[in-house]
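Since the structure comes first, as structure tokens, the remarks are kept for the end.
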Amino acid sequence: MGVTSLLFCGVFFLLLLFVAADTCEDIFMHNVIISEGQPFPFNCTYPPETNGAVNLTWYKTPSKSPVSNNRHLRVHQDQTWILFLPLTLEDSGIYQCVIRNAHNCYQIAVNLTVLKNHWCDSSMEGSPVNSPDVYQQILPIGKSGSLNCHLYFPESCALDSIKWYKGCEEIKAGKKYSPSGAKLLVNNVAVEDGGSYACSARLTHLGRHFTIRNYIAVNTKEVEYGRRIPNITYPKNNSIEVPLGSTLIVNCNITDTKENTNLRCWRVNNTLVDDYYKDSKRIQEGIETNVSLRDQIRYTVNITFLKVKMEDYGRPFTCHAGVSAAYIILIYPVPDFRAYLLGGLMAFLLLVVSVLFIYNSFKIDIMLWYRSAFHTAQAPDDEKLYDAYVLYPKYPRGSQGHDVDTLVLKILPEVLEKQCGYKLFIFGRDEFPGQAVASVIDENIKLCRRLMVFVAPESSSFGFLKNLSEEQIAVYNALIQHGMKVILIELEKVKDYSTMPESIQYIRQKHGAIQWDGDFTEQSQCAKTKFWKKVRYHMPPRRYPASSPVQLLGHIPCNCKAGKCNAATGLITP
């Protein structure tokens with residue numbers, strides 16, 4: 001029973017969601033009365049719902065089938081528009097525009113009434129003022145005013161050949177009237193200028209031509225001067241940065257009283273924009289739109305630059321609204337040096353970081369390559385005879401010191417002396433018999449460029465540093481008297497240096513240490529292995545010339561490739 005109840009509740013909840021999602025909020029209804037035989041559009045807009053990602057569909061009630069999107073049909077939906085090409089008497093009815101987004105649904109209704117009525121037809125009763133689709137407009141007496149031909153169609157429709165009529169006669173340009181596209185300028189308005197006007201235009205859609213007629217009933221009225229000064233909220237005599245060759249649209253926003261009929265237009269060099277650029281049509285004035293407020297009307301007249309040219313820079317384009325005027329000036333954009341500077345700085349920092357990363361990763365190989373590429377066979381004139389003094393722990397007889405002796409007395413000379421051409425002083429191998437230990441060490445340590453110290457983790461292995469004069473004199477001369485660079489090599493990983501003499505602790509802290517990998521194979525005796533590269537990196541950048549008695553032709557270095565060390569001739573340059 002419980003499962004059935006839960007299932008029923010779930011189905012009921014989903015049903016509620018479905019009904020809520022399918023319910024649309026009615027916004028308002030438009031009543032439109034218009035004559036048959038001409039194109040008619042209606043744009044479904046409900047800001048901000050139609051500004052984002054929405055699904056908009058037109059219907060004719062009571063049908064649930066949407067209006068077709070096929071542009072070749074007489075009645076079809078074109079984006080947010082419903083378009084009749086042309087109207088017929090059968091088109092009368094109620095049309096619904098349904099707007100859906102991710103969260104809401106709205107619908108706008110249009111009550112369309114199509115009447116049989118024709119301009120200047122003998123069957124027409126009365127004047128055009130009685131026409132159902134007439135527009136009411138006002139002209140100010142004693143001033144200049146303008147009439148607007150309302151032509152709002154989707155982008156798929158092209159409009160041209162706009163003509164103006166008073167009564168049934170076409171208006172020609174003269175002192176009284178100045179037709180300018182969708183706008184008719186009336187100079188020095190008088191009472192007799194009121195009456196019936198009309199504008200017509202040719203509409204082209206997918207190669208088909210239609211004629212549009214708008215009927216305008218004009219009243220003349222005297223308006224108090226104090227109330228008729230319009231307010232231009234934008235532009236504000238400002239400049240606009242715009243790149244050369246770009247497209248620009250600028251709106252002129254005007255707030256005016258409802259009874260005001262001031263002329264609203266764009267001018268350049270005291271000439272209407274459409275007249276000034278009538279040949280190229282590169283710059284055009286747009287169609288005026290308006291929004292009614294309580295006691296005012298907000299007008300918008302835009303100017304479109306299809307392609308900005310050099311001649312447009314520095315030239316004022318002025319928006320006029322009666323006695324009010326405001327201009328814009330196009331200026332060439334100033335290069336944003338901050339962006340270039342920031343980009344250059346970021347690139348430089350990235351380069352520095354990359355170079356430092358590469359250097360830290362490959363500095364040993366880079367330094368060894370540099371020494372090899374730019375080495376000299378001449379010995380440095382520093383009065384030194386040895387490249388390094390080797391100091392290593394001496395184990396008592398019977399202890400496990402064989403590996404240390406093998407490394408120091410066999411492998412070390414094999415690699416550094418025979419393969420790389422260095423000269424080492426190893427006490428117990430290079431001193432002359434019978435010499436006093438103190439004098440031997442004191443004399444030879446002065447002739448060395450480096451001090452190479454081997455340490456082991458056993459605390460006892462370096463206990464001799466506290467007692468034997470060799471170690472004491474070597475470390476003293478290296479750190480105090482001669483400022484020698486010390487190479488510290490760990491025979492095994494030393495975790496705790498606290499048991500070591502303070503001199504060794506100081507060397508470890510200042511110079512770091514190189515750890516021997518404990519490999520005594522043939523491959524480990526190659527100067528190109530990782531361990532010996534580190535040792536060579538800390539050794540002096542030199543080798544003895546071939547004529548030196550230290551270097552023998554019989555010395556054969558190794559060549560390490562694919563994990564093997566093969567014999568080769570010549571010396572490896574450190």
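FYI, residue positions are counted from 1 along the chain as it appears here.
Cβ atoms here come from the backbone N, Cα and C positions, even for glycine.
According to Swiss-Prot, the feature topological domain 'Extracellular' maps to 22-338. Here Swiss-Prot flags 25-113 as domain 'Ig-like C2-type 1'. Per Swiss-Prot, the feature N-linked glycosylation site maps to ASN43, ASN55, ASN111, ASN231, ASN237, ASN253, ASN269, ASN290, ASN302; the stated evidence is sequence analysis. Swiss-Prot lists 132-215 with the feature domain 'Ig-like C2-type 2'.
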Please work out the mean pLDDT for the residues of the domain 'Ig-like C2-type 1' (25-113). 85
CB within-chain contacts under 8 A for ASN237 (N-linked glycosylation site), separation at least 6: ALA326, TYR327, ILE328
Rounded Cα separation (Å) that holds between ASN290 (N-linked glycosylation site) and ASN253 (N-linked glycosylation site): 10
If you measure ASN302 (N-linked glycosylation site) to ASN43 (N-linked glycosylation site) at Cα, how many Å is it? 20
Determine, to the nearest whole angstrom, how far the Cα atom of ASN253 (N-linked glycosylation site) is from the Cα atom of ASN231 (N-linked glycosylation site). 8
Whole-Å Cα distance, ASN43 (N-linked glycosylation site) to ASN111 (N-linked glycosylation site), is 14
Rounded Cα separation (Å) that holds between ASN111 (N-linked glycosylation site) and ASN231 (N-linked glycosylation site): 36
Determine, to the nearest whole angstrom, how far the Cα atom of ASN55 (N-linked glycosylation site) is from the Cα atom of ASN231 (N-linked glycosylation site). 38
Take the C-alpha atoms of ASN269 (N-linked glycosylation site) and ASN231 (N-linked glycosylation site) and report the distance between them in angstrom, rounded. 22
Under a three-state reading of DSSP, tell me whether ASN269 (N-linked glycosylation site) is helix, strand or coil. coil
Does DSSP give ASN237 (N-linked glycosylation site) helix, strand or coil? coil
